[in-house]
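Shown next, in structure tokens, is the structure this report addresses.
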Amino acid sequence: MKHSDLLKIAEKFGDPVYVYDSEKIISQFQRLTNAFKSVKKLKLNYAAKALSNITILRLMNSLGSGLDTVSIQEVQLGLLAGFKPESIIFTPNGVSLEEIEEAAKLGVRINIDNLSILEQFGSKHPSIPVCIRINPHVMAGGNSNISVGHIDSKFGISIHQIPHLLRIVELTKMNINGIHMHTGSDILDIDVFLYASEILFETAKNFKNLDFIDFGSGFKVPYKEADIETNIEELGKKLSTRFNEFCKEYGKELTLAFEPGKFLVSEAGSFLAKVNVVKQTTSTVFASIDSGFNHLIRPMLYGSYHKIQNISNPEGRERYYSVVGYICETDTFASNRRINEIAEGDILQFKNAGAYCFTMASNYNSRFRPPEVLWHKGKAILIRERETFDDLIRNQVDASDLFPSAKEDKKLTTQP
Ligand SMILES: *Cc1c(COP(=O)(O)O)cnc(C)c1O
């Protein structure tokens, strides 16, 4: 997107504002599809939690994507966005049996990640096929909070518990239609991923009625120029060859599934915010923006890097800034970052703001969550309005009779 288009959006819809470029989402979807073109049956299930605006879900649906969901509410959003139940897979962690049953009732595919629920679900509903989430105990992922396949992780059924798993399947006579792993975000080493895949293939041989093998996601996207990223094309070549071989061995054309979130939407998103104050202190120059970690928490939560550009002065000479938010505690987006000279009122663009940005936004400090705009075929379309004061108080019950306002004269009684 051009800087001038972004500036027009900030002017028209106000700031801060999230902007998503549909063309980038579509090209990422096609890139991943192409990388696996030698696999007969490929299914990409977009991970809704990355960015769950209904218009984005509709866009994914129109591309032929399925949907990966982690809560019953995401299932409901998916159905509302037009996904067929069979195109939705429910992959929760640690949710109740009731929630899983509710999803099954809606007709979506079920992925179970612990033996306790597997046994209960299989005993009650042996006729409903389920997929199982395996933990291959492989360390992948860029940060301990987002690495979910290692030995201490709460996710998945350990490969060391396969004998117990098989006993449950045999006793309940349930049907396992898929196996799944998701090793964590920001995978860099393809060989580690392929190694985990071998464990999945080995596990798959225990089940006779599989329809699909789901390799999860966690592809690393670039955050700055010349940044490392998962080599999707190389992974596609290597894993496709291995997958096709496995299908021959298995005696059935299985579906190869992925659940990309970040890969599809991260780079498509920009977050635009205005600089309120440029503050020179004894040690640094702060640029304080009209937002904070209430709107974009990834730098504070994970130490994530978001490239920041001053789109109001893209040709200005570069200086060092610490970009900070207005939340009343430490709220740092970037320290000592070289950015084109900033004046108060300039608009900063935060890149890679498509995944895990708006969906993690909150009302902390009683601020409104920002609007979302889709940039599609050269037009800016509002897909979520900025919140208003009514949104902040909508669910609050004002028990005003409990605490009548203090009277003026009483207020002074403790004073000398
Ligand atoms: C979050 C999640 C994903 C998406 O991960 P990305 O790193 O955004 O691609 C996929 N599958 C499951 C089960 C998840 O929880």
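Even glycines carry a Cβ here, placed using N, Cα and C.
TrEMBL annotations: computationally assigned, not manually curated.
Tyr356 is the residue from Tyr320, Tyr321, Tyr356 that TrEMBL records in the substrate site together with Arg298, Tyr302, Glu329. Across the structure, Glu329 (substrate binding site) and Lys49 (N6-(pyridoxal phosphate)lysine) place their CA atoms 27 angstrom apart. Taking Lys49, Gly218, Cys328, Tyr356 as the recorded positions under consideration, the smallest Cα distance to Arg298 (substrate binding site) is found for Tyr356. Here is what falls inside 10 Å of the CA of Lys49 (N6-(pyridoxal phosphate)lysine) among the recorded positions Gly218, Tyr302, Cys328, Tyr356: Tyr356. Binding residues for substrate (Arg298, Tyr302, Glu329, Tyr356) extend across at most 21 Å, taking the greatest CA-CA distance. Secondary structure at Glu329 (substrate binding site), as computed by DSSP, is coil. Taking Cα separation as the measure, Cys328 (active site, proton donor) is nearest to Tyr302 of the binding-site residues Gly218, Tyr302, Tyr356.
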